[in-house]
Amino acid sequence: MPHVEAITLTRDRRGPGLGAVRLWLYAVAALIIAMVVVGGATRLTESGLSITEWKPVTGALPPLSQADWQAEFDKYQAIPQYEILNKGMGLEAFKRIYWWEWGHRLLGRLIGFAFLLPFLWFAWRGVLRGRLLAKCLVLFLLGGLQGAVGWWMVASGLTARVSVSQYRLAIHLTLACIILSAIVAVARSLSPEPRQVVGGRLRATAWALVALVLVQIFAGGLVAGLDAGMAFNTWPLMDGHLIPPAAQLAAADPFWRNLFENALTVQFNHRMIAYALWTLTLLHALDARRAGGAVAQRAWVLFALVTAQASLGILTLIHQVPIDLALAHQFGATLVLVVATLHLGGLSGQVEPATPKLRLVKG
C-alpha cells in the first residue's frame, strides 16, 4: 500500500496569475519613477503653482479655448508668485509652465487608473487574496494619500509665499519614494527567484541602506525646497570650510529650525548623509563577499550606483543645478532606492506560506 516517504517544503510564488501581478506592479513602479522626474521638472521650471485649484475630476481637462486660458491665467495672477516673481508674464509664457503642472497631475491620475483597474480585475479573478490583497489595498490608499499631500504642498505656495513649503515638498517626495519602494518590495516577493539565507548583520545593513536612502531623499527634498543647491557651489569645501563654523550651522533659534530652514545646514546635512550612505554601502558590499553569488553581485552593483549618484550630486552642485543634471540626480535617487529594495528582497523578502509536497511510494 502507498505510504508517505518524504515531505519537501517549497516556497511557491508561481501561482496562477502571480506573474502578471508582478509585471503589473513593476509597471506601476516605472510610472512612479516617471512621476518623480516630471515632478522635479515642474519644480525646476517653477511651474508648480500655475494651477491654483485642485479638481480631481474636471481638472483632467486642460483649457480648451482662449477664454479658458485667460481664466486660468487670471487665477495665477492673483497669487503672490506672479506679483513678486513673474509680474508682466504673458499668456504664452504662462501656458508653458501650466503644461508642466497639468502633465504632472495627469500622470498622477494615470498612475491611479493603472493601479486601480488591474487591482479590481485581479481581485475579481481571485488572484489577489489574503495578505497580498491587503498589501495592494494599502498601496492604493497610500497613492490616494499622496495625491492629497500633493495638493497640501501646492496650497502652501498660494498664500504669502512665492514657493511651496520645503517641509511639504520633502514629505511629498519622500512619500512617493516610500510607495515606490513598497510596490517594488511586493513585486519582488512574488518572484520565483530563490532568496539566499545570510547572516543577521547583512540583513540588518540591507534594511539600514533602504532606510538611509529614504532619509537622504527627504534631505534632498529640503535642499530643493530651499534652493539650497544654488549656494555653496564648491566641493569638498563649503564656503571654504570642510565643516562650516558652528555659529553658521546653528544661526537660527531654536536649533531644530536649522535642520529644516537654514540653507547652509540643510545642504551640509545632505552632504554628510551622502558620505554615510556611501560608507555603509561599501561596508555592506565587503561583508557580502562572504555570502558570494548573487548577493555579493547585487551589493557591489548597489555600491556602484551610490557612487555614481554621489558623483552626479557633486556635478549638479558645482554647476549650480542645471535642469538636466538635477533631473538625472533625482532619477538616480529612485534607481538607488529600487536596487536597494530589490537587494533587500533577495535576502529577507516576504514569501507565501510553505506548501507541503508529498511523494507517495508503493510498498
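Each Cβ is built from the backbone N, Cα and C atoms, and glycine gets one as well.
Quick look at what Swiss-Prot annotates:
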TRANSMEM  18-38  transmembrane segment
TRANSMEM  107-127  transmembrane segment
TRANSMEM  137-157  transmembrane segment
TRANSMEM  167-187  transmembrane segment
TRANSMEM  206-226  transmembrane segment
TRANSMEM  264-286  transmembrane segment
BINDING   H270, H329  heme binding site
TRANSMEM  299-319  transmembrane segment
TRANSMEM  325-345  transmembrane segment
Taking a Cβ cut-off under 8 Å, which residues six or more beyond the ends of the transmembrane segment (107-127) line up next to it in the same chain?
-> 15-18, 20-21, 24, 27-28, 31-32, 34-35, 38, 56, 60, 133, 136-137, 139-140, 143-144, 146-147, 150
Other C-beta atoms within 10 angstroms of the C-beta of H270 (heme binding site) total 21
With the cut-off at Cβ under 8 Å and a gap of six or more residues from its ends, the chain residues touching the transmembrane segment (264-286) are 202, 205-206, 208-209, 212-213, 215-216, 219-220, 222-223, 226, 228-229, 231-232, 238-239, 243-244, 248-251, 258, 296, 299-300, 302-303, 306-307, 310, 313
Per the Cβ under 8 Å criterion, with at least 6 residues separating them from its ends, the transmembrane segment (325-345) contacts 29, 32-33, 36-37, 40-41, 44, 177, 180-181, 184-185, 188-189, 191, 195, 203, 206-207, 209-210, 213-214, 216-217, 220, 229, 295, 298-299, 301-302, 305-306, 308-309, 312-313, 315-316, 319
